[in-house]
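Trainee: What follows is a structure written as structure tokens; I'll ask about it next.
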Ligand SMILES: Cc1cc2nc3c(=O)[nH]c(=O)nc-3n(C[C@H](O)[C@H](O)[C@H](O)COP(=O)(O)O)c2cc1C
């Protein structure tokens, strides 16, 4: 299938089976989730859409202790993007489980909990809290945070440290709970990091976290963010993200990495953006920055993706996953 003229028989959008493969051999009713950090713990988003209609909701990253995040200014707009140096503010895992998770469970949400720590054992500590947690369908390990034992280099930038974190989490997490490794594109080979994570037991991969960027204010003559550099998100990074998903899915097809589901993210604003990720090899898609100006974006993207698949003659989401490789 190379262009619109090859679409044999468009289908009714409603007839497309949107069931999405999820790590550990499970499925979710549809592929759409929220990108971590872009929908808090779900409370604000629930005002705009029933959370149970999303495939899942991915929480902002939760750490062992509460954190206040970095000093302001911590956000700056860039051409087609957003730069943030927020620094993982959050309530801490105990408060999260007792209050936020319980609230999400009451709404029938399927929750992927993003976890992080400054040391390997802190990731495992968070994972342990989530065993038997109500509504938890998976863990997403945010490997982009700085490793306190490795001069602050992000865990995700080194195959060995990424491996150690995933192994530690996999060892303590409920075996029935899929563990996703969230990868950053700021590496020489994202495939090498993906390989290390899957070897360590990752049941799925989330790609991508924000690449580092920087904005300098030409009036104050200083960096715009208090953190100097920050994570770039939004449509500006979509081609990088699609490339990463494509590259890792290609390695799976070639047998270099055990095949696990990929959740793609980076600048998804509309159904056709999500379709790009699916064609590259993602069976899940996360909507992030788009939520800030359109809080209804996740469900809208789901409806548009369903229509886009139908218009191209795909009866099932899974038929389109990785189609660009054929
Ligand atoms: C304001 C903001 C906060 C974020 N916080 C987190 C976070 O807590 N944990 C995480 O893994 N990723 C975090 N991210 C990264 C997103 O989950 C996502 O990987 C990235 O923004 C790309 O998707 P997007 O372009 O659709 O936003 C954050 C992104 C933004 C913009």
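Cβ coordinates are placed from backbone N, Cα and C, and glycine is handled just like the others.
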Trainee: According to TrEMBL, 84, 85, 86, 87, 88, 209, 210 bind substrate; which of 30, 142, 150 is also listed for that site?
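Mentor: TrEMBL names 142 for this substrate site.
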Trainee: Given TrEMBL annotates 36, 142, 182, 234, 266, 267, 288, 289 as FMN-binding, which of 57, 208 belongs to that site as well?
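Mentor: So, going by the record in TrEMBL, that would be 208.
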Trainee: Among the recorded positions 85, 87, 145, 210, name every one whose Cβ is found under 6 angstroms from ligand 1, counting any of its atoms.
Mentor: 210
Trainee: Out of the binding-site residues listed (36, 84, 86, 210, 234, 289), which are within 10 Å of residue 145 (active site, nucleophile), Cα to Cα?
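Mentor: Those near residue 145 (active site, nucleophile) - Cα within 10 Å - do not exist; the answer is none.
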Trainee: Restricting to the same chain and to sequence separations of six or more, state which residues have a Cβ under 8 Å from that of residue 182 (FMN binding site).
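Mentor: 36, 114, 140, 141, 142, 143, 144, 156, 205, 206, 207, 209 - these are the non-local Cβ neighbours of residue 182 (FMN binding site), listed in sequence order.
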Trainee: Compare the Cα of residue 88 (substrate binding site) against each of the binding-site residues 234, 267, 289 and report the nearest.
Mentor: 289
Trainee: For residue 210 (substrate binding site), which residues in the same chain are close in space, meaning a Cβ under 8 Å from its Cβ, but six or more apart along the sequence?
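Mentor: In sequence order, the residues whose Cβ lies under 8 Å from that of residue 210 (substrate binding site) (at least 6 apart) are 84, 144, 184, 230, 231, 232, 233, 237.
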